[in-house]
């Protein structure tokens with residue numbers, strides 16, 4: 001986990017760097033157009049994978065026939081979905097009411113086969129617990145695309161095509177690295193039994209992913225269709241600034257805990273400890289971070305993105321309060337997948353998707369702030385419904401679940417009080433955005449460190465001790481061997 005955390009932390013820094021650099025080179029409307037195209041690309045990825053990858057990770061006994069059948073399915077489906085997007089691009093552009101989306105969607109569909117041929121390799125690497133290596137692959141591919149290709153193309157005045165070129169470069173390099181670094185049998189096979197065994201798990205997982213993805217991107221569809229391309233650029237940046245720390249922490253815990261939880265799915269006590277530790281970690285890290293972002297939203301946007309992006313601050317301030325919901329429900333998601341409860345997970349994700357779409361449509365009447373409030377409410381609903389599923393699967397009680405959040409809540413209050421006082425004083429002194437952010441975040445960090453030092457038993461406890469041991473050691477359970485050759 002230590003290498004995974006380091007690599008994914010580096011990726012978070014690179015993502016922030018790319019956001020800062022490209023936001024000063026491209027206007028919000030261009031980012032809005034690209035965000036609309038990414039909604040399409042992400043939804044298509046669910047269908048051409050059809051849950052094959054997670055099925056390969058989750059199967060207790062994986063045979064070569066499963067690997068070959070999974071590879072064949074992924075490649076065939078990625079080609080078919082890419083062709084459908086190419087032919088259906090005019091209808092997609094009409095749905096978003098963004099005419100310029102048609103050529104962008106068509107070119108981005110060229111990356112689908114690249115993702116299809118690397119799906120099994122990625123899944124085998126996850127099964128073999130190569131989390132640090134996967135994070136390094138993602139980091140290298142992202143850096144090549146968005147820190148090399150995109151800035152170079154913006155200097156050539158390529159507009160939105162700079163972002164499209166970055167996406168294609170990222171997916172190309174990622175596929176190459178995965179196929180080289182995790183070799184496996186690639187001879188086509190469509191054996192009925194192997195396909196059925198993969199798709200039983202995969203179909204339920206896909207249903208849940210569809211609901212989850214619509215929930216994650218439905219707000220972008222609403223903003224793009226009703227509020228326009230530029231508003232979508234503002235909103236997408238606000239959501240990314242909120243989601244990046246939550247997503248990175250959630251991904252680290254998910255990639256490490258999913259295979260491990262799959263091993264102990266029949267041992268409730270160990271499953272409870274793993275889940276409670278993940279919930280505790282999310283609350284302790286995310287809640288103080290949310291407080292700082294809420295206090296400093298205006299300065300963060302001005303400092304990172306520039307004055308042209310001032311419209312990001314209001315939705316960011318609202319979404320900051322949803323960071324815990326965004327990160328912590330990943331733990332519930334991990335429990336459901338690790339124990340095979342994919343259909344119970346699926347209907348909850350469908351409810352989540354309906355809530356995001358419904359609340360966003362209602363909220364758009366009040367602009368981006370209204371959409372952000374709607375998304376906050378939908379994330380809260382999903383957080384609670386997924387938590388109820390996890391508690392049922394593990395046997396953990398709501399009281400224990402609440403206690404796992406308590407140290408993070410108290411720490412966030414302490415950081416928030418000192419941070420708000422510092423920010424007010426620095427603004428009154430006209431210290432500027434940089435000093436205000438540095439001073440407020442610095443004082444908040446000192447407050448948090450002092451609290452942990454003075455009351456380690458309360459703020460850390462058994463869950464914190466297990467967290468520290470996990471961070472200081474690379475976890476490699478012996479039960480899983482290398483698979484895929």
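Any Cβ shown, glycine's included, is placed from N, Cα and C.
Nobody curates TrEMBL annotations by hand; they come from automatic prediction.
Range 350-369 is the one annotated as transmembrane segment, of 330-349, 350-369 (source: TrEMBL). Listed ranges 251-273, 274-296; the one TrEMBL annotates as transmembrane segment is 274-296.
Per TrEMBL, the listed range annotated as transmembrane segment is 432-454 (candidates: 225-247, 432-454). Note on TrEMBL: of 308-329, 374-395, 462-483, the range annotated with the feature transmembrane segment is 308-329.
Listed ranges 18-37, 38-57; the one TrEMBL annotates as transmembrane segment is 38-57.
Only residues 6 or more beyond the boundaries of the transmembrane segment (308-329), in the same chain, are considered here, and those with a CB under 8 A from a CB of the stretch are 23, 27-28, 231, 234-235, 237-239, 241-243, 245-247, 249-250, 278-279, 282-283, 286-287, 289-291, 293-294, 297-298, 300-302, 368-369, 371-373, 375-376, 379-380, 382-383, 386-387, 408.
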